[in-house]
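For reference, the structure is listed below as structure tokens.
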């Protein structure tokens, strides 16, 4: 009997045995029952293993023994059986994991030890990787000073210069900036390495270099080897996993789907081969493994599974099970939290088989306990299974720091220390620096090499302190025993023969091409389902347009009696082709939005580009049938096209091919452009060329010989020819109207009048061309994604000082003042000694002398504050009866001048809510209770003038410098009587205080893209508020997302601010000991919006600890433990339930509460001789000054925005030259109607395309600035009108230049009549048309929540404006029920003005004897006498859209708080 039969027999024995056992069981003695049943089970288990072992090895590794049945999947009541692990369902996988790793914290280590034990028993070595790097150097090319600022002028000169460099005719003015300098070291397997270093020290560059992922924008030298093998000998991307600090994921996929897809692409590595060998050796040694471990290893080693048990395991150890089936989300789609997203980024690489991990800042947004759990799980994996890991962390808590074996400390691109964690303090003590008792070692290491922080750690009081440079540390480390040991080890090359054959990956991809294609197909289907709204909206949009088209070109109004009426049918066909083409436009955005994730996965070698591009094409075909069907089926017979059913289906078939071609074209453009602004411009450009040379706007005979090649390669030409031939060669047109010598049918006459080939075969030529273009564009799309790199976001420019300092640090020279941070002028943060304080300020003058500008210290007290919102519909649906949800429940407290208060609590406690209520930033909800400012009731108008609010998201205009941001804030927020010089002195003082002097001319940039780092951005946020000279400052999480040193810099800024006598309140999340103890008082809240402690912290948090330890049952704090962490742990809801207490009640019965109440009462009474805050006007500055300031900032922003302005000028100039050459000399002579149509075609195409380009490209610019506007308006800087004024007015000069450049080039080349009046009329209409298009785009942003919706809303009107412009169908031929819209369509008025100003007064007769003027009046309905009115209406449209933008900005606030 074969082995499979044996397994069947075992299963039947199990069934029969159980029945027999049941019948006799009642007669047995109790103890015998248990002994028999367990004996029987053992026998059956043995039989199963025996049967399993008889299987061939290949089959044996695919099958495992698992519990069967049971409702919970745990196998209860179902017995065990042999299962094919390839088909394990979610329930079986979950049950298996539940048995192996029930609680990740407790069971993971035991589980890994079982895995290791199984492998060790048969003597299999696990592959390990030792990474060595020797003399690693990296340099970046940067522009120094102002030449690096991205102004329109710089962008043009820099582009020309780079072209000159490439040709070798111009010298390279860029300078090199060192990033890494001569770093060498060894990363050992089975050891956890922590990478530390201040911001900009080169941590990311080092990790990228070690992972073999260094970009081509850096000049690198040196050697990195894995087990002695150079990078070229294996595939580093698959051997090592680099986990980026940027979280790039597809928002529409769930966490589980994201990880499962990643696991599918990365494959299982050598797991299957190892398992086969393991199984063979176990069989030979007659070893029976643990059934669950066997099942897990087999399931994890199977490639090609849609869901792998390893994915479920990673979800568990990363704590992502709770959100496994939640969408990841993005800025448009609500999803998981930032911390969870960070863990998904980590999990995405952990599910793969890589044995070396390089992890960049994986703890951002995570609380310390989650970080500890993740790092601990990684540590267990590395130690037990022999992995290699280098992890950089921002603010590791002491308990997380202690999990690491080795430390690498980087500073200024050099390794200051590398080696065992235990020896690091010894090294620094040998240099004279000591870590204080209450200081985290990681925090100490990040600060000890910094000029500003070093002095406080100097421990040799017998010697005077002298700044020790990084170079001195580096050379001292080389003679330190750890440094010598590393140098000695590096001197002996790694023995390549000792490298495990499975350690290094040599195949390019982790799975076969067929499997990767299948994975991408499955993902694309999933995304199409999730994005179904886009396709439904697209279809709906097409339906709406088809309804307009069929009622506009209505069959009762459509005659077949002349060539002119045939032209109207041609217009209807042209419009149909254009709409089907435009329908594919949304592919552009869908492609570009997915590219960042694609590039990440491509570069990690998840899959080749072809496996991504094929599904994105093939799977869209079924949708095309629906979309095109909707248009053709609705319009064909209603418009009255040829009644032959064959012609109908041929039109449908051709439209399908056109839609496929258009979708492929836009996918290719998106893939080649890789950026939404460039893609939009490029797509508009391609559409324009294809359209103008497509044979409808300009007849073939009129195309100049130098452009005829463009006619032959235009897909629109083939589409237009094919669809025209299909209609006009049909039965309905097969009649002779005006008998001519040739007796041509009417259809042929119409085709010839428009220059179309009157041959039936052109239908199939056109159809074949559409298929050919579709294949070509998809091939080009694949090539673009295979070879193009994403745009770099590296810094292109640095200041002269920064470069000088970088170079000086390399040489060990000292630049600038070092003794910035020695003594202390405030209460020390640590144990009271001077050396212990991190957040200090040596400059006694700054804190003691007061600022240049005086301010009035103010206190803020609040009593019984309640805040509620309308009950969310989801909660009402769950049966909650209340109408309101209360978020703050009677909170009372006070904040005083010169006192730094921390506002803390777990997530959901209401910290930010309370701060928003007190600061008056809430845009909805219901507020009750009293809030007083120095005893007077708070009035929001005056309060905004004396308060500052530093938001958690650092929102600033990206195109201005640090100094300009501060100047703008001070200009609008300081009183009018402060003169310009005093204002500038005050800004200088604030920059000194906030340590921004070195960044004075740095561009702010966009977060995560370019410009300032997170920590610099935080300091700018604080400075922007400080220059307003406020008395009260609110700060929302000023240290989140920062490393320890950056957080210390920010906190030093905050402390300096308090020392000037201001009232400062900060919400803070998971602070380190020294940051926490920098605060004077704490206001602690619990979930649900109630306070549980409000009072002083005391020396070493003694007051806080005393208060909570006095509550019965609360556990005592351990020595050296962070009081902030302890406090949050002992006050959780779980603790309340365990102790049976309510911390809020305890607080309200305490003596502390009574003291606080008395203080609130005291602060609620105005001081004698004081007066309430009063300002004569709502804003500091007059409306005129506000307008000037807003215009000043917009001017800077626009000048420094080349992607917007330089691209628009370039695009306009190129189009002007193209139009000039295409329509060369066609405007001068009008001898027949086609000449007029050609000239009008040039006007129509330019107006529509340049106008639409202006409209789409302004939207992202306005959307970014609007976010800044919300913050600045809330801060009381200006009203809505000055902002709208600045945004509108700054467009005028740029549009004027754009229209003038276009007008001069085109007017001269097309050869319109050279009279001053006609030229200036032409210019006038172009200027105001481009303005109203631009203002229309701005208005769409103003009326919608974000720019994605704005682009959808605005694009809905493009098609309608196109249709009613008067070119496709002239106004007199429009049915009466639609004629009103001809007067409401701005483009129709523009064409009216342009045509009538050029041709409306020409009396010269055409070939048929009709004067041009009469033809214009009869055919188009354009009268020259109306010219003045037309001009007024066109200008009025610009004014109307600008006014609506201003109105929308004033009335709508889409920011929900």
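Backbone N, Cα and C define each Cβ position, glycine as well.
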_Correct range for transmembrane segment (source Swiss-Prot, candidates 1181-1201, 1244-1264)_ = 1244-1264
*From the ranges 1149-1169, 1380-1400, pick the one that Swiss-Prot records as transmembrane segment.*
1380-1400
*For the transmembrane segment (565-585), what are the same-chain contacts with Cβ under 8 Å, counting residues 6+ beyond its ends?*
538, 541-542, 545-546, 549, 553, 558-559, 627-628, 631-632, 635, 639, 641, 655, 658-659, 662-666, 683, 687, 691, 696, 716, 719-720, 723-724, 727-728, 733, 746-747, 749-750, 753-754, 1355, 1358-1359, 1362-1363, 1368-1369, 1373
*May I ask you to check whether the transmembrane segment (1349-1369) and the transmembrane segment (621-641) make contact, with contact taken as at least three Cβ pairs under 8 Å and only pairs 6 or more apart in sequence counted?*
no
_Neighbours of 905, 906, 907, 908, 909, 910, 911, 912 excl. site residues, C-beta within 8 Å of centre, ATP 2_ = 913, 1085, 1087
*residue 911 (ATP 2 binding site) to residue 203 (ATP 1 binding site) - Cα separation in whole Å*: 34
*Could you give the Cα-Cα distance between residue 906 (ATP 2 binding site) and residue 203 (ATP 1 binding site), in whole Å?*
31
_To the nearest Å, how far is the Cα of residue 910 (ATP 2 binding site) from the Cα of residue 204 (ATP 1 binding site)?_
36
*Do the transmembrane segment (706-726) and the transmembrane segment (1380-1400) share at least 3 Cβ pairs closer than 8 Å, excluding pairs fewer than 6 residues apart in sequence?*
no
*Between the binding-site residues 201, 907, where is the Cβ count within 10 Å the lowest?*
907
*Top stretch among 164-437, 860-1112, 1185-1399 for CB pairs under 8 A with the domain 'ABC transmembrane type-2 1' (515-728)?*
1185-1399
*Thinking of Cβ pairs under 8 Å, which stretch from 1292-1312, 1319-1339, 1429-1449 has the most of them with the transmembrane segment (1380-1400)?*
1319-1339
*residue 907 (ATP 2 binding site) and residue 197 (ATP 1 binding site), distance between Cα atoms, whole Å*: 29
*asked:* Just to verify a number: CA distance, residue 909 (ATP 2 binding site) to residue 198 (ATP 1 binding site), in angstrom, no decimals.
replied: 32
*Output, ordered by sequence, the same-chain residues six or more apart from residue 908 (ATP 2 binding site) with a CB under 8 Å from its CB, or 'none'.*
1087, 1088
*For residue 912 (ATP 2 binding site), identify the closest of the binding-site residues 199, 201, 202, 204, judging by Cα separation.*
199
